[in-house]
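Enquirer: Supplied in structure tokens, the structure appears directly below.
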Amino acid sequence: MDKLKTGIIAPPGLPAMPARWFDRKGLVQIGLLALLLLAPLAAYLLGHIYYINLASRITVIAMAAVGLNLAIGYGGMVSFGHAAYFGLGGYVAGISAYHAFDFTPFMSWPVAIPGSDSMLVIWLAAILLCGLLALAIGAISLRTTGVYFIMITLAFAQMMYYFANSWPSYGGEDGLPIYLRNTLPLVDTNQPLVFFLICFAGLLLSMAITSRLMKSRFGAALTMARLNDTRLATAGISPYPIRLMAFVISAMITGLAGALYADLNGFISPTMLSWHFSGELMVIVILGGVGRLYGPLAGAILFVMMETLLGGLTEYWKLFLGLMLLCVVLFAKHGVMGWLAGRERNE
Amino acid sequence: MSESVLSLTRLYKRFGALQATHDVSLDLQPGEIHALIGPNGAGKSTLIGQIAGSLRPDEGSVHLAGKEITALNVSQRARLGLGRSFQISSLAEPLSVMRNVMIGVQALQGHSFRFWTPVSRDESLQAPAREALERMRLGHRAWTPVSELSHGERRQVEVACALALKPRVLLLDEPMAGLGPEGTAQLTELLEALKQEVPILLIEHDMEAVFRLADRISVLVAGSIIAQGDSATIRRDPHVREAYLGD
Amino acid sequence: MSVTLFIEQLINGLQLGTMLFLMASGLTLVFGVMGLINLAHGSFYMVGAYATALATAATGSFFTGLVAGVLVAAAVGALVELIVIRRLYHRPHLDQVLATFALILIFSEGTRWLFGSSPLWLSPPQSLTGFVTLPGGARYPLYRLVIIGVGIAVAIGLYLLISRTRLGMRIRAGESDREMIGALGVNIARLYTLVFAMGAALAGLAGAMVGALQSVQVGMGEPVLILAFVVIVIGGIGSIKGALFGAVLVGVVDTLGRVFLPALFRNFMSPSEAAGVGAALAAMLIYILMAVILAFKPKGLFAANG
């Protein structure tokens, strides 16, 4: 009898109702992507390079936030130190370009490592190093929970910040310029539109990975670790390695964004590692809608537009950012995506 | 002893001045329901913690199917076949019943570091989960969010989650708590049918259910087991009547 | 390295430690009693310093200015608690972090708007500008010793307040059992405002005293805030004793590391290299210390709640 009953009710999709392109959520998502893609194309046709670079800035920051969203939104790990990975990614790009420009080795002992101006090499190195750093920081930080976790991730990021600040070889607190943008085979990365498209591809890829990941078995375990880690442990899966893995992947995405950001600005400095940036990245994730695939993109668009528009009007635009953030936290908890696309439904 | 699926040998656990577990030995045979009863504060929770792995005993050992598990943690014990339900619901509220049960199937298959294939199309996860749900007569609620279930249904989902692990032993912590007479009767019937397959260590307050279900009963008072035997023996035992039934 | 240099730096470390204690004790009390993580604590440090600088300039008396600074910080703290903070007690830590991060932006940019980006002028009073001869012959600024003295006085005062008074009893009860203290008929809302304002006052005191030593400017509270976080993580969040111990440890290790690590590396490196490596390592030293302590004690040295 019961079997008959179950046959009748068809299971809806997992883990959330899939967005169809024509429903409200689907339209909002496609609209955001189209806006981000078409605006720089229009700017290109009209010859406004500034706006292409602005779109690249939004894209790269959105990608960094996609990384953080995996930790905070999907994994429930409130990392207040993702600037560490963003900055490390940036420094990998900057230092590598510096040595390639100078024809000096990055390291000659125990193994010889030359500099490189190839983005592919830089990206790989940034991803690997950020993964390793996150493995070390996560291994210690994830032994703790709650406020301890927040403060410890913050403290480790500060450690990186002060290290970069006082290490004189790569500019110390003055930072380091990247004289020539790093290169990719076949395309001219100096073209703003080409560089935008590279960033855009990176953003899409990181969102696709997040989406796919969260639908997989790993994602199921991570979701359970966030919602109820006792349930997960009782089922026989230790939450710690699941969380640590998610933390590492999250850092890799943010680190890759950092490498792109360095090339976008042609400059790296300890500011990329500062706790203000960690905080702003969190703000973007929350403004957009925490734990939603398109949240970081919505948040980044809002944040960079505010920075540009309000920042053009007043030097003190962060005062208004602060007031808005306070209102969002106190009164509107679901962020831009919650407001535009409706509440996220589980199953 | 060699036959028992679960055995506790001379467990001791002390919190400061409080001797929470004092020389507790207990075993569970295949095909039986062994009930553990005792008044509030008798040390049941502490004992469950030591069986499930959230607490370490100060002395003594715990064996599961002949293998010592005293030093293992909660998830390691679960992987060796210890399924448990909680006194207070431990389900992930926003997720569907199915997702809660599937996590156990996934753990059993040991493939939580698979990053690509969506679980929504993975029949190898869904089929066993559905089977466990149907054992608890909850097949029709598979895709309902846990937050929309009644209290009784949640208790059944808890058991289904444990069943999904294909456990060697079920450790059920007050599964009848808060159920009405009808719910209790239904769950009693379900557990009765289950015990041939999986032996059950049942911690329960509902005396009627215990006396009806249990093949053996152990009575825990102030951290020690004061009586052990079938329901008739326990009913007659003067110590039990004095300490527990309040006569 | 000479003994006098060592003693001098040790005292410098103690002075940094007492400052950190003033910051950390407020943070840790607020977390222990209300369960709130407050990033905006550094803003009260800044508010205290600005109010002191302005009041000192207006009245010509540093001490009047200092009293005014502490009172203003307390008042601002109470106001912030009433308007914003009390809505956050039952919220997740993520919300608390974001809301108090927003407060930092509001305070920092608001202050910049009102008083500009250039530092305000504040110096210690004439009567405290002298030097004291230490055992060993070194001359040490009196004002820094006074800061240490004030820090010790506050530590003793806090200890007496918490262990001896009715308010202290309520604070301790609030730490161990929030439900219970409500049942006892204590006005929790008022208690929370009071504790928060007290923490803000201590931060303001620290800001005012250090402001006279360094400079009074926007963002001055942030490095201290993060050091204070390290302090309470090391000491155990919620524990005043842990805050005291952690503050002195961090103050001394940080100060000595910055002076002696480059000197140490000069033994086997060229001076310029040693300065760079030494400075970089010294900057990381307390974080490494924190990581090592947490690896063994994930809840800090004096974990208050289990």
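Cβ atoms here come from the backbone N, Cα and C positions, even for glycine.
Feature table excerpt (TrEMBL):
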type	residues	note
TRANSMEM	A:27-52	transmembrane segment
TRANSMEM	A:58-76	transmembrane segment
TRANSMEM	A:83-101	transmembrane segment
TRANSMEM	A:121-140	transmembrane segment
TRANSMEM	A:147-164	transmembrane segment
TRANSMEM	A:193-214	transmembrane segment
TRANSMEM	A:240-261	transmembrane segment
TRANSMEM	A:281-304	transmembrane segment
TRANSMEM	A:316-341	transmembrane segment
Enquirer: If you count Cβ pairs under 8 Å, which stretch among A:121-140, A:147-164, A:193-214 touches the transmembrane segment (A:240-261) the most?
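Expert: The stretch with the most contacts is A:121-140.
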Enquirer: Which residues, given as numbers and ranges, are at least 6 beyond the ends of the transmembrane segment (A:27-52) yet have a Cβ under 8 Å from it?
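Expert: Same-chain contacts beyond the ends: 19, 21, 58-59, 192-193, 196, 200, 204, 293-294, 297-298, 301, 337, 340-341.
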Enquirer: Rank A:58-76, A:83-101, A:147-164, A:316-341 by Cβ pairs under 8 Å to the transmembrane segment (A:193-214) and hand me the top one.
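Expert: Going through each listed stretch, the top one turns out to be A:58-76.
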Enquirer: Using Cβ atoms and a strict cutoff of less than 8 Å, what residues sit near the transmembrane segment (A:58-76) while being 6 or more residues removed from its termini?
Expert: 36, 82, 85-86, 196, 199-200, 202-203, 206-207, 210, 213-214, 219, 222-223, 225-227, 243, 246-247, 249-258, 260-261, 264, 281-282, 284-285, 288, 290-292, 295-297, 299-301, 303-305
Enquirer: Could you give the residue numbers and ranges of same-chain residues that sit at least 6 residues beyond the transmembrane segment (A:316-341) on either side and whose C-beta is under 8 angstroms from one of its C-beta atoms?
Expert: 24-25, 28-29, 283, 286-290, 292, 294-295, 298-299, 302-303, 306-307, 310
